[in-house]
Amino acid sequence: MDPQAMMTSIMSLALGTTIVTSSNHWIMAWAGLEVNTLAILPLISKSHHPRAIEATTKYFLTQATASALLLFSSMTNAWFTGQWDITHLTHPTSCLILTAAISMKLGLVPFHFWFPEILQGSSLTTGLLLATVMKFPPLTLFILTSHSLNPTLLTFMAIASAALGGWTGLNQTQTRKILAFSSISHLGWMTIIIIYTPKLTSLTFYLYCLMTAAIFLTLNTNKTLKLSTMMTAWTKTPSLTSTLMLALLSLAGLPPLTGFLPKWLIIQELTKQEMTSTATIITLLSLLGLFFYLRLAYCATITLPPNSINYMKLWQINKPVNTPTTILITLTILLLPMAPMILTIT
């Protein structure tokens, strides 16, 4: 891809995200979301492969539908209340339509079908943007309007996302699809607590972005797109592949790794809200995700490929690991002891 076009797309992404996060008016927020959508399309289709073009088309149609629903929701609210302010969403019909619109933009169940296919048709770097940066603007709108949304509906969608994200990820062999279903499952954890503690949703999202970025960049360094190629990753970058196992377990939420912190806090907050049964259900559903994270870790570090002697030559290749990947991997593994400081800041 041409460097100037790449720079234009990245700057447009930053502009669109800034517009959404700093706006109080629904029209400005909608415009920011549209800028984001148009900016990511060239990045998805940059390989000019038919699968990439198909993913671009699917993404455009899905996001255009979601944006139309969001605009319709804000217009309905303005018609009945005379308010265009984001925080003054009060009409029940508008709240319901907005929930559907933002769920479609994020990839929450039952509007999740587009996300795995689009991530599979994108490169790993573009997939990283889709799984992290592109979720930030709609999640911001979700947080701003959380006080007006239906808690029962959001709880149902959150549990369904955690269940379906874990269940459908079990039989996947493509790493990008596994990470897509992982994203859907994590969105369930963010959504279930958004009404009660929006700040905890933000913290969960930031830590999720940190862990997902570390895994995407590691897979990109090793050029790993499916489970079978993960078996030879240890011959290219042994130390990085070893830490990848810990990063995957952190994303699964195992103590004493970073990913345990948000899940622990969410379970604690749900218990305070007298939602112990809900906390129990979503905790048990996280075991489904743990299975395919362990499967990835097993393929990366324990399984040997056939004729492993032929791969020993790759040990001589000193493939450099860039600094951002190293920093992200370290934070993904070792951030839990800093939990008191993180909680003080948030």
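Backbone N, Cα and C define each Cβ position, glycine as well.
Fair warning: this is a prediction, and the values are worked out from it, not measured in the lab.
According to TrEMBL, the features are:
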DOMAIN    23-288  domain 'NADH:quinone oxidoreductase/Mrp antiporter transmembrane'
DOMAIN    290-343  domain 'NADH dehydrogenase subunit 2 C-terminal'
TRANSMEM  56-76  transmembrane segment
TRANSMEM  96-115  transmembrane segment
TRANSMEM  127-147  transmembrane segment
TRANSMEM  153-171  transmembrane segment
TRANSMEM  178-197  transmembrane segment
TRANSMEM  203-219  transmembrane segment
TRANSMEM  240-261  transmembrane segment
TRANSMEM  281-304  transmembrane segment
TRANSMEM  325-345  transmembrane segment
Exercise. Give residue numbers and ranges for long-range contacts of the transmembrane segment (240-261): same chain, 6 or more residues beyond its ends, CB-CB under 8 A.
Key: 182, 207-208, 210-212, 214-215, 218-219, 221-222, 233-234, 286, 289-290, 293-294, 296-297, 300-301, 321, 325, 329, 331-337, 339, 342
Quiz item: When the pLDDT values for the domain 'NADH dehydrogenase subunit 2 C-terminal' (290-343) are averaged, what is the result?
Solution: 72
